[in-house]
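Let me begin by presenting the structure, written as structure tokens, before commenting on it.
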Amino acid sequence: MRRLVLLLAAVLGTTAAAEPARLPILVPVTGFLSLEGTSQRNGALLALRQAPAGLAVSGEVIDTATAPENAVNALLRALDGGPVPAVVAPMLGTQMLALMPIAAEEKLPLVTVSGTASLTEAGNPWIFRFFPSDRAAKEAHVRYAVERLGRHKLALVYQTTAYGQSGATYIATAAKRHGAELVFSEGIDTGVKDYAPVLKRAMASGADALLLHLHAGPTALAVRQVAALGLTLPVVAGSALHQPATAALLEPRELKGICAESASSPVSGGSPRLEQFLKDYRAAFGADPDAYALAQYDGTEMLLDVLAHGARTGEAVRAALAAEQWDGVAMRYASNGHGDMAHSVVILCYDGVTRVPKVVERYDGLDAAKPD
Amino acid sequence: MAADLLGLAQLLLNGLALGAAYALVALGFVLILNATGAVNFAQGDLVMLGGYVAIALSRWLDLAGIDLSGPALLPLVMLAMAGCGLLFSALAWRPFRSRPPIFGLLATVALGLVLQEAMNALEGAAPRAGPTLVGTGDLRIGPFGLSRSALGIMAAALVIGLAQAWLLGHTQFGRRLRASAQDPVTARALGLPVDRLIAGSFALAAALAGAVGLLLSGPYFVTPSMGNDLILRAYIAVTIGGWGSLKGAVAGALLIALFESVVAGYTSSVAATAALYGVVLLVLAVRPAGLFPEPLGRRA
């Protein structure tokens, strides 16, 4: 099947294989999502540096900042430069929603690490997501609290942003599905500095576990306040905590016993390929990678493999991405028929001694089926 | 009942600590407003810059083997930021001083964005933890627990606020600054160096911002975009306190922080925010000039 698809891709290709393929990298490297966007960019660039032998490919990074219109302008600018077989697209959900109609019109695959669940549920065949959707990530988030920790009265503190509200919806759904009760749920603005009031009320609700679904800085603030208040109930945070830059804000003792969901935890190592990725990333960028970097690295690697096998048009690339499997560094990727390529989520926990977490649980096969 | 009262007192203490930091931002905001008549929308970004300056200074001193941290770092950060304030006035105010105030306002917005993106490029978008003023950990005062950081913020805000009030009210510089702010034409005619005095007020406002940056960077972290939230709070504080009033700015800042802490503690942070804006509307309706209206002749 793989050979057949790639042969088809080669036949459909209209540009000579020897000609450099353009792979624009449209990512938010400025604005409030620039931490995650920089990781996304670095992952794509590292993959490009390690492009398969014989494949000539050029990548141009265009900043999309955080406004949807910026992303649209960036894509139009990229298309003005000539034909492109695919695009590394921004991880910001609202930007992806703005790009999707253009992708359909231009027959252009968008490879993203956005978690916004609705992206792949709109019937647009040009979207390929290499990061677990919110639907899958929050399923693991809740399952860990309920199944592994045996907690059934959950308190949720989430961000009032689109990211936070989307995740909160899926947490509520998953909690209900797993027989747990959400005894406390509150949205918090990103500008809030004092988490003591909300944490005290969460405790007063009778919750036996605390779930956090916050951006990086607020996650660190909340975890610090949990430690300062001496709260003893288990805390399971969102993927922001797995980012080395977030953990670096906290003392190891403040992180003790805190867990988080993520697509992967590159700094935790665990396999020769992961160790090699870690080494290469550190050498290239002088920083530790996070799961967004690794997911975009894996997604771009798969894309490059498809290009190396001759695909040169959007349609050819789309067909290959939709039909192929890819053994990435973080996990095995394959489309569920809707462009969701990632179906595994890990839970990692901090031991109070180092800022490098240990992966304690892995959930595979999440979101592999058609969304309900 | 006793537990309830203790809980309330604890929330009040937390609110006072946060309010002290907001008050310093608002004081810097009022200073420029009084000196130039223009709103400095970059005051929050200057706080952000102060946080990064504190981190950089701490790092350099550490590399140089100089063990200087805590309160000793504070004057250094304020001095460095005063220099940044002079540069800021040269870029955001001086070229537009003879234009309508909207030019100056837009210039501060633009420079604030430049600062944000410059720090984004230089230091990255990840939140950074800065040096702490008085160490970490909690102190018990009777039944209350308060972090050392919070106590440091309150103490520093009190000292800096009083020093500013003394500087403006009881020194030659303060008197001249107020005179030039009230009537720059007459002040010039009387031979006062109005431009230099206004540049001085920018330096002072930036020094205040530097102090807040240092105070907040340890417990609350620094990010390139952190100034956006702070300037919004400063603007609200000054609006409900009374434009141009130092006393009003402090009162407004404390009110905001108490909403964030006490009201949020008994309702939710979203409800507290909604209630705060409700109070803002009420104040504007009942006392359009703010809680502490400042007579024009006494401004600055």
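Every residue, even glycine, has its Cβ placed from backbone N, Cα and C.
All TrEMBL annotations are machine predictions without curation.
Feature list (source: TrEMBL):
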- B:12-34: transmembrane segment (TRANSMEM)
- B:46-66: transmembrane segment (TRANSMEM)
- B:72-93: transmembrane segment (TRANSMEM)
- B:102-122: transmembrane segment (TRANSMEM)
- B:149-168: transmembrane segment (TRANSMEM)
- B:197-222: transmembrane segment (TRANSMEM)
- B:234-259: transmembrane segment (TRANSMEM)
- B:266-286: transmembrane segment (TRANSMEM)
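If you look at the transmembrane segment (B:72-93), the same-chain residues 6 or more away from its ends with a CB under 8 A from one of its CBs are 36, 38, 40, 42, 46, 49-50, 53-54, 57-58, 61, 104, 107-108, 110-111, 131, 133, 156, 198-199, 202-211, 213-214.
Here the transmembrane segment (B:234-259) lies next to the transmembrane segment (B:12-34) in space: the count of CB pairs under 8 Å, restricted to residues six or more apart, reaches at least 3.
Spatially, the transmembrane segment (B:197-222) is not adjacent to the transmembrane segment (B:266-286); fewer than three Cβ-Cβ distances between them are under 8 Å for residues at least 6 apart in sequence.
For the transmembrane segment (B:102-122), the neighbouring stretch richest in Cβ pairs under 8 Å, chosen from B:12-34, B:46-66, B:149-168, B:266-286, is B:46-66. Long-range Cβ contacts of the transmembrane segment (B:149-168) within its own chain (Cβ-Cβ under 8 Å, at least 6 residues beyond either end) map to 13-14, 16-18, 20-21, 23-24, 27, 31, 71, 74, 132-134, 136, 139, 174, 177-178, 204, 208, 211, 215-216, 218-219, 246, 250, 300. If one looks beyond the transmembrane segment (B:12-34) by at least 6 residues along the same chain, the residues whose Cβ comes under 8 Å of a Cβ in the stretch are 40, 43-44, 46-47, 144, 146-147, 149-151, 153-154, 156-158, 160-161, 164, 178, 181, 201-202, 204-206, 208-209, 211-212, 215-216, 230-231, 233-235, 237-238, 241, 243-246, 249-250, 252-258, 260-262, 299-300.
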